[in-house]
Every structure is written in structure tokens, then in C-alpha cells.
Amino acid sequence: MRGKRIFIGSSSEELRLAEQAKKILEKNTNYQVTIWNENMWDKAVFRLNNSYLNDLIRATLHFDFGILIGTKDDKVIFRGSEEIQPRDNVLFELGLFIGRLGLNNCAFLVDEEIKILSDVKGISLARFKEKDSDSFNNAVLSIRESFDRQNDSDINFFPSSTLAAVYYENFIKPTCSHIINNGGLLDKNGYIYKKCTIKIIIPKKLTSDVNSQFQRIKAKIETKELSFEYLGRPRNINVEIIAEDGEVMIIDFPTILSGINYAISNLLPQDFNSMSVDYEAILSRELERFVYTLKKIALRDGFDDLIKIVDEDN
């Protein structure tokens, strides 16, 4: 599994804090941290000739976690008194990342003297004292610890996670339940294959036509069809199998993956180039999320020993 990616946003005036936070987050970890202003070709968040909002929307699909740094940038009049608050764009970015990544995967690293609006309360807040390095470092470490706890437990609401859950509930779970309840795979003729495995084949990359992609993979494998009763429903499940010496391997190609391409294309701005490196990177990331979510749900239900997820070359 690739390293988790973290986005750090701040005002231009407080880039030094973002850089300090990056060093702490990356020290002895597998996190890949990108600050909003980094302009290396493979890490740039805001690019020339691109709109600010489009770049932000793209960024929310690239990262696993978001940290926004709130410092004493602007004075505002609040109910007749003067207050200090972060830049409006920092608050906007915080809301955008929370909306995409969820509350547990975002944090607001904020100066303790800043007034926090009631709408912001309830998210992960890490307070620090201005010009106090220890205070700032401890606040960043608390965020890192919070993100560490998410690494092995999060199943989020990205398109891939939703599709993996649907695929699991409609195929993997009833198939595994049938195998367990019947002591194996019971075909419509009454024969039981006692040793069963579900082999889920995942393409290396997603194309615009996933169905044709799977047909090409399927053509390389000699299988036969088998039908068995769908647990709890008045219909059968038809599967492709490889049977040998009383053992059976169910071969499945999750064509539901085509929904990732469709969902991502609708989440991104209309003028986003679907042939770009960025788009391919987002698709690849969603493919990883699909596999990750599928494994986590199977492990949760105790079916992980019945499934094997492989890429198309295995």
C-alpha cells in the first residue's frame, strides 16, 4: 500500500509554519506531505493557467488527509467587537477538505488566540502558542497521532469505497455465506465443492471501457459456469469457476469498477482533462481504495480467508 498523502494549507505569510509541520509529519513515517505552494511538477497543487477552485477540487481527490493552519491574519468586527481570525480562503479550504475527506481525516492547526467560529467547532482542533516551537510541535504531533489511528481503520465515502461495499454486499458476502452454510459450494445438481476460494481479478489500471477490459482478461482463462442459490433471495448466482480434484476457485471480474471512472469524471470540473497524468493518478488511487475497502470489510465479517484479490497478471 502506498504512503498516505497529506495536504497542508496556510496563508502565504505563514508558510514557515507549514514547512515546519511538514518536517514533523514526515519524520520516521510513511506520510507524503505536500504544502499548497510546492511547485515541483509532480507535487504542484495550484498550477499555472488553472483556476484556483478547480485545483482545490482536484487536490481533495489526491490526498488522504488535510491540515489547514489558522493564524492571526485578519481583523474582523464580530458583534461590535474587534476579533482576529484566519484568512477566509483557509476556512474555505478547510470546509472543502472536510466535505470530501470527512471530519476524522482533517485537522485545523490554529493559534490559540484566534476566536473559533461556532460552525468550526466539532472538528479536530490542535491549538498552539504563537512563537512557541514546543507548543507548535506538540500540536502537530497530536494531529499525526490522530491520523495514525485512521490508517488501519478508515473506510471512507469516496466512490471506490462505496462501490466496494456494494460489490461486497451483493456478491462476496452471499457467496461466502453460501459456502459456509453448505460446507462448500453446492451446485444446482447437488454436488458440493468443499474447498472453495473466490479469486477477484483487478486490472492494473482502469480504462474507459472496463467491461471490454475484463473480457480480454477472461479470454485468457479457461472457466466453466456454475449456478447456486442466492442466500435469502429467490434467485441464483451464476459464477465462473475453475474446478479440479474436488476443489473450486470462483473467478470474478468486478465490472462495478466502471463506476469509478464515471463517478470521478462527475466529481471533477467539466474542463478537467481526462487524459491527463493527474486523472490517471486519481483513478489509480481509487482502484487502491476499492481493494483496500474490500479487504477491510471481508476481514470484519471473517470472510478474508475465502477471498484472494490479485492483479490481472496473477
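Even glycines carry a Cβ here, placed using N, Cα and C.
Annotated 3',3'-c-di-GMP binding site per Swiss-Prot: PHE171, PRO234, ASP252, in sequence order, evidence recorded as similarity to another entry. What Swiss-Prot records for 5-129 is domain 'TIR', and it gives sequence analysis as the kind of evidence. The feature region 'STING domain' is assigned by Swiss-Prot to 160-314, with similarity to another entry given as support.
In this view, ASP252 (3',3'-c-di-GMP binding site) is surrounded by 18 other Cβ atoms within 10 Å of its Cβ, with every protein chain counted. Its own atom aside, the Cβ of PHE171 (3',3'-c-di-GMP binding site) has 19 Cβ atoms within 10 angstroms in the protein chains shown.
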